[in-house]
Amino acid sequence: MMEPVVIDGSLLEGGGQTLRISSALSAILGVPIRIHSIRAGRSTPGLRPQHLTGLNLIKNLTNGSMEGGSIGSTEITLKPGQIGGGEFSVDTKTAGSITLIIQAVLPCLLFAGKRSVIKMKGGTNVDMAPPIGDYLTDIFSSFAKRFGIHFSCKVIRRGFYPKGGGEVDLTVEPIKQLSCVTLDKAQTIQCVNGVSFVAGTIPIRVANEMASSATLKIQNSLGKIPVRISQYNDDKAFGNGTAIILSCETTDGMLLGGTGLGKPRTPASQVGQEAADELIESCSRKVCLDQYAQDQVIIFMALADGVSRVLVGPLSLHTRTAIHVTSQLTGVNFDVIDLKTQPETFIIQCKGMGFVNTQL
């Protein structure tokens, strides 16, 4: 039996990113791993429900084994088998982010032996994670398709902190091999679209205020480009919540995102402005991938066949962590090129390993 690759969970971001990337690559490459100092950089170290749910799902997908799989555990050993695919159901029983679970399992399902359907319960719009509706289903999927990735993510109902209760059906088609991507040209803004919604007992005027403040901020910063933000009451959601998700479409067909999540005692206008600020930061730098997308493409770039290049803004700690863990497990080297002509704009580049799904 191969000795597990030892991964230090305290390095760089020191949170769940190390778990997500390493467990996915462990399953895909068939390499056992031991992760210690899990989430050492967090106020509550160790596994939380969403992390354990994702790890157990990967273990079950591969018919593998895991040691240390309990809430609060700071060390786990994962020994994967072959990725089988099929139908599975998971429930965090909290508002743990479904999006972050998908970030871990989607790469695995691409290299399964058959189509997979995962029924998931948890939080869809929660703090410290991209929202599953609108961002994952529209923005993430738009650049994932460029790698040859095809999936559908049906939001049955949204769920918010603290109870969760959201329901999502994820369907993934396996792929023989990922394609490399070249997304390195400066982008020109064409228009901004978005949704602003409320759920539960929160009045619709809150959605209107978020949309109005976001529109004003965007047009003051980026000029009089078309801005269309629909507002509605999501009467299917579980619990009270508010959110705004914006997307900027470029002339090359790229989508950049910005999100805002309502919180108690935070004015609706401030939430709208925060979403607009995120969007403006990406648009003003004319990048191809926003701050949420840059770390998510690292694993796909490493597995793809050929050289990939992506134009991004300042590298987040999540992205640096993704590069570190991915390089450790795949041996792929990443180059980060500082474009001196554009402030805080970079090219991330690598030659992928050309991993092949031998089950297809």
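Glycine is no exception: its Cβ is also placed from the backbone N, Cα and C atoms.
According to TrEMBL, the active site, tele-AMP-histidine intermediate annotation covers His318. Spatially close to His318 (active site, tele-AMP-histidine intermediate) yet at least six residues away along the chain are Glu13, Gln17, Asp295, judged by Cβ distances under 8 angstroms.
Around the Cβ of Tyr292 (ATP binding site), a 10 Å sphere holds 23 further Cβ atoms from the protein chains shown. Residues annotated as ATP binding site in TrEMBL: Gln103, Tyr292, Ala293, Gln294, Asp295, Gln296.
Residues or ranges marked as domain 'RNA 3'-terminal phosphate cyclase' by TrEMBL: 12-336.
According to TrEMBL, the feature domain 'RNA 3'-terminal phosphate cyclase insert' maps to 187-282.
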Which same-chain residues, if any, lie at least 6 apart from Gln296 (ATP binding site) yet have Cβ under 8 Å of it: Gln103, Phe140, Ala322
Average model confidence [pLDDT] within the domain 'RNA 3'-terminal phosphate cyclase' (12-336): 96
Max pairwise CA distance, angstrom, over record-listed ATP binders Gln103, Tyr292, Ala293, Gln294, Asp295, Gln296: 13
In the chain carrying Ala293 (ATP binding site), residues 6 or more apart in sequence that have Cβ under 8 angstroms from it: Ile139, Phe140, Phe143, Gly257
